[in-house]
Amino acid sequence: MKLIKRIFQILQITSAACLFIISAFLLLPRIPTLSPSPLSSFVPFACIGIGIGIGIVVLRRCYSRPAPVFLVDYSCFKPGSGRKCTYGVSESFVRRSQRFSPESEDFMRKIYLKSGLGDETYGPPFMFRADYEEARLESAVQEAREGIFSAVDSLLAKTAVHPRAIDVLVVTCGSFSPTPSLSSLIVNRYKLRPDVKAYDLSGMGCSSGVLSIDLAAKILRQSGNVHYALVVITENISLNWYFGDNRSMLVTNCIFRVGCAAVLLNNEAARRPAAKFELVRSLRTHHGADDRAYRAAFQEEDEKGNTGVALTKDLIRAAATSLREHIKILAPRVLPLSQLVSYACSALVSALSRGDVKPAVPDFTTCFEHICIHAGGKAVIEQVGRVLRLSDEATEPARMSLHRFGNTSSSLVFYELAYFEAKRRIERGDRVWMLAFGTGFKVGSLVWRSLRSSREQEEEDNPWNDCIHRAHFGSPGGGSASSVTRRVLPLMRTCGGP
């Protein structure tokens with residue numbers, strides 16, 4: 001069918017070129033010649049050349065135009081209520097392990113209470129064993145299988161797409177890379193075709209979800225014989241708990257939680273009516289040339305040989321600096337002309353004042369109706385809000401997602417997207433900006449255009465269904481970030497289980 005369509009396009013282009021040449025020959029004798037000229041004999045050949053040129057240009061444009069990329073649907077993993085990692089569960093696990101000094105226990109308690117996480121987040125299975133046993137490879141595999149299979153099962157069921165229709169598989173997990181790979185685990189479970197193009201991404205931190213979508217989209221746009229791409233975005237906590245007393249490494253124990261998202265992409269125009277979003281633009285920048293940014297979040301051993309990820313004091317600075325560099329590239333591609341002119345004038349005034357006057361930050365709410373900021377932590381959300389001059393209302397989904405699910409790493413932006421849908425805020429034509437940060441230091445952006453209203457249908461597997469009616473900030477945009485958080489905590493504690 002596809003070959004017939006291509007042949008039909010070529011015949012159309014060839015017919016148009018031939019029609020132009022024939023018309024030129026028919027009109028040429030009707031043009032009066034004022035004086036004989038040797039150049040008149042070349043006119044027919046010129047017409048032929050023009051016709052061929054037009055045909056080549058049209059043909060090249062037809063074949064070089066990138067295919068659209070649609071987000072058909074997505075699913076987010078939500079464990080059972082028995083896996084809720086409350087403050088009591090966390091404290092009990094830390095004490096049962098007997099691996100931390102009293103000072104470290106007190107430090108983690110303070111970090112947890114200030115982190116912005118609530119009592120509705122989820123922990124890995126090994127934390128809930130009656131008798132403490134340190135996590136092993138089996139624990140990590142169990143965690144991976146549980147999240148991946150649940151999200152993919154739900155996605156395939158509601159899209160009615162057969163596993164053997166999948167052409168591309170991209171799996172990202174920053175800190176767990178077993179053998180066989182996680183993509184092989186999925187191929188085996190769902191019996192994907194032997195010619196499926198499978199990719200595994202690791203070590204890319206919390207930005208890997210956005211980057212994996214970018215990779216899958218590029219494959220779909222450049223390959224004419226693939227149509228469905230399954231992207232699985234997960235993280236693994238079991239083998240990455242830090243058992244030591246280095247304070248910069250203890251923070252990860254307090255904020256990272258279980259989560260997974262599965263996303264189905266397609267490049268066929270026929271799937272547009274059934275798709276939720278169209279990918280308008282993607283951008284990824286790498287700021288690892290800066291040594292401080294490169295080491296802002298770094299996996300290493302402490303003085304006793306315990307492995308952990310150290311979150312240094314440079315992390316917030318690296319996020320802010322990298323974000324500024326990132327939006328310098330993104331802004332001209334997405335901002336309306338009025339904002340670009342305003343920013344250019346502001347930058348000129350800043351240059352003339354030799355830096356005494358800082359340039360105004362463009363208003364990104366003029367080009368995006370919704371913004372999904374990676375909720376790496378409360379301080380990260382606040383810093384991004386300051387850099388982009390965002391209101392509390394704009395950062396609401398990030399704060400709520402951090403409180404409800406914790407830092408699920410690269411999948412968290414899709415929990416935020418689910419928040420918008422559960423709130424029925426997305427309308428047809430709305431633009432959604434996904435912004436994520438990752439170790440290295442990397443920043444990634446995805447710009448989506450909504451193809452349908454979130455009011456059209458209710459998602460049975462939306463992870464917010466059980467408590468979305470209580471998840472709000474009170475008056476939109478009212479109050480400071482800290483006061484907003486204080487108002488929302490009592491509301492979120494009353495959210496029920498699944």
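Using the three backbone atoms N, Cα and C, a Cβ is placed for every residue, glycine included.
Quick look at what TrEMBL lists:
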{"type": "ACT_SITE", "residues": "Cys206", "note": "active site"}
{"type": "ACT_SITE", "residues": "His286", "note": "active site"}
{"type": "ACT_SITE", "residues": "His370", "note": "active site"}
{"type": "ACT_SITE", "residues": "His374", "note": "active site"}
{"type": "ACT_SITE", "residues": "His403", "note": "active site"}
{"type": "ACT_SITE", "residues": "Asn407", "note": "active site"}
{"type": "DOMAIN", "residues": "64-348", "note": "domain 'FAE'"}
{"type": "DOMAIN", "residues": "370-449", "note": "domain 'Beta-ketoacyl-[acyl-carrier-protein] synthase III C-terminal'"}
{"type": "TRANSMEM", "residues": "7-27", "note": "transmembrane segment"}
{"type": "TRANSMEM", "residues": "39-59", "note": "transmembrane segment"}
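Overlay of TrEMBL annotations on the structure.
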{"residue": "Cys206", "record": "active site", "Cβ contacts under 8 Å, 6 or more apart": "Gly174, His374, Gly376, Asn407, Ser409, Ser410, Leu412, Ala436, Phe437, Gly438, Thr439"}
{"residue": "His286", "record": "active site", "Cβ contacts under 8 Å, 6 or more apart": "Gly440, Phe441, Lys442"}
{"residue": "His370", "record": "active site", "Cβ contacts under 8 Å, 6 or more apart": "Pro397, Phe420, Arg425, Ile426, Asp430, Arg431, Val432, Trp433"}
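Per-residue pLDDT, averaged across the domain 'Beta-ketoacyl-[acyl-carrier-protein] synthase III C-terminal' (370-449), gives 93. Counting other C-beta atoms within 10 Å of each candidate's C-beta, the active-site residues His374, His403 are led by His374. The number of other Cβ atoms within 10 Å of the Cβ belonging to Asn407 (active site), over all protein chains shown, comes to 24. Helix first, then strand, then coil: DSSP counts for the domain 'Beta-ketoacyl-[acyl-carrier-protein] synthase III C-terminal' (370-449) stand at 39 helix, 21 strand, 20 coil.
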